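Structure first, then comments.
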DNA sequence: TTTT
DNA sequence: TTTT
């Protein structure tokens with residue numbers, strides 16, 4: 001019975017979040033996240049390998065993603081592997097694997113992009129702290145309450 | 001500010017849990033967990049190195065630990081690093097680091113020991129399923145609700 | 001570019017390892033690992049959900065898996081998500097996701113089954129230590145050298 | 001024997017790295033890393049709690065840290081808990097816990113700050129890639145070769 | 001397909 | 001102090 005199914009990712013979004021509002025107040029966001037690994041092959045050449053991950057976020061987290069994330073955003077993610085199975089038109093068994101995100105946090109750069117249309121003075125770079133979004137997990141610490149279960153206020 | 005503070009341990013208890021019942025229905029359990037790493041040193045000799053971790057569990061988890069864990073139990077633990085600071089009698093700043101357990105699960109062997117007083121027939125070995133304890137996390141999956149926040153029924 | 005792509009699993013094998021010896025001394029093992037999560041649905045009923053993971057191990061680790069693991073074995077795994085992409089006969093883009101195992105360790109029960117043919121006396125239960133396999137990682141500690149890079153001796 | 005002792009941190013440095021060059025070409029760097037967790041207490045007030053971690057890096061990683069990290073740098077870290085024990089002047093048993101870093105990667109902002117004295121054109125922001133430092137782990141992926149074991153070239 |  |  002006891003099992004562990006944990007995924008930890010740190011990477012960048014390949015596109016803006018795709019958000020769908022479903023009936024019954026449900027919201028789902030799909031993100032495409034790239035994790036890139038670089039190493040030297042045996043000829044000493046630098047090689048980069050990128051893996052693309054399909055992320056799925058629900059409800060409160062989906063809303064936060066919609067509001068603060070966009071193409072290029074760097075995020076840290078915790079979640080679990082979850083696969084859908086079905087039979088396709090050819091009668092073949094199919095399986096699609098995605099990451100169900102349990103919590104995430106933006107890292108590095110301010111969430112903006114739009115938010116800072118005139119970054120002319122160099123120091124404006126770090127100036128506006130602009131509260132980076134974190135969904136519950138924060139320091140990996142708290143009880144990791146799913147935002148689904150939390151009240152509906154944005155955490156900032 | 002976004003942060004992550006996560007600890008993952010898999011090891012054995014060096015002693016039975018120490019459980020204290022505090023006022024106000026609070027319960028705390030302290031566990032001593034060994035994680036042992038083995039490697040070959042540069043002379044090719046096998047070396048074992050054991051690290052001892054002080055774990056702290058609260059409330060529901062503390063009760064589960066008291067009920068199912070004992071010296072020698074092997075557990076998987078997720079938690080965070082948490083340190084206490086104080087000034088000792090010499091006026092020195094002191095700091096003690098422990099692991100605040102957010103979830104754990106027993107692995108391998110049936111939780112028993114006691115639970116299986118007459119294991120004479122070999123096959124009795126696997127017979128009594130005896131439900132291994134898991135605290136919420138299970139497959140690393142669920143919303144990781146802290147047991148503090150859950151209702152008071154044991155999860156099995 | 002910095003990225004993190006990490007998977008942590010704890011579960012049971014649904015079948016014996018499938019091992020293939022390739023040309024050039026390469027060995028690959030495929031494992032099917034179940035991680036089961038249990039929770040109470042909103043009607044208070046106990047629900048179990050099992051996720052099946054396709055694991056891929058290479059070379060030294062594949063050999064260790066072949067030698068010590070079998071259907072039912074409980075293992076702790078660290079690895080990364082890795083997907084293969086191809087075009088199927090219908091000209092459709094296809095993608096299959098698997099876990100490339102970087103290290104694993106057996107947990108709980110002695111690796112045997114076979115290994116302990118006459119466990120008649122109860123105490124024989126714990127007697128034959130029978131060295132549980134671990135691939136490098138051990139306490140998550142060492143440099144996590146891939147076994148591919150290590151010499152060819154089994155670590156026990 | 002099999003154990004897991006793993007720490008994952010994402011936070012900011014409270015000070016510049018302290019680097020010491022020892023005899024025999026050994027180098028050690030000590031970092032102080034803050035992970036901050038924010039939550040609402042039961043009165044609905046926002047509370048921030050910061051945990052400070054003592055990190056220890058060796059050799060190649062120490063050099064990279066010295067070169068690229070400084071007060072305020074945000075890093076992702078993987079390592080293990082490691083404690084030193086000794087007897088103090090009062091004859092008391094003492095124990096100090098630190099994190100032995102196995103790999104780390106800078107996140108977010110380009111490593112410098114200083115490094116980009118004339119970022120006048122807005123787009124220069126993302127132009128100079130300025131190779132963020134990563135120590136082996138990259139996408140959590142590779143064999144996680146300890147830099148101690150790697151050749152002495154900086155990985156960028 | 002595992003495990004409890 | 002555990003475990004192998």
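Cβ coordinates come from backbone N, Cα and C, glycine included.
Through the fold, the compositional bias 'Basic and acidic residues' (A:80-92) approaches residues 5-7, 56, 98-100, 102 of its own chain, all at least 6 residues removed from its boundaries and within a Cβ separation under 8 Å. According to TrEMBL, the compositional bias 'Basic and acidic residues' annotation covers A:80-92.
Annotation source TrEMBL lists region 'Disordered' at A:80-156.
The compositional bias 'Low complexity' annotation in TrEMBL covers A:123-138.
Under the heading compositional bias 'Acidic residues', TrEMBL lists A:146-156.
Taken from TrEMBL, the feature motif 'Important for interaction with partner proteins' covers A:151-156. Averaged over the motif 'Important for interaction with partner proteins' (A:151-156), the predicted model reaches a pLDDT of 44.
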Three-state composition of the compositional bias 'Basic and acidic residues' (A:80-92), taking helix and strand from DSSP: 0 helix, 8 strand, 5 coil
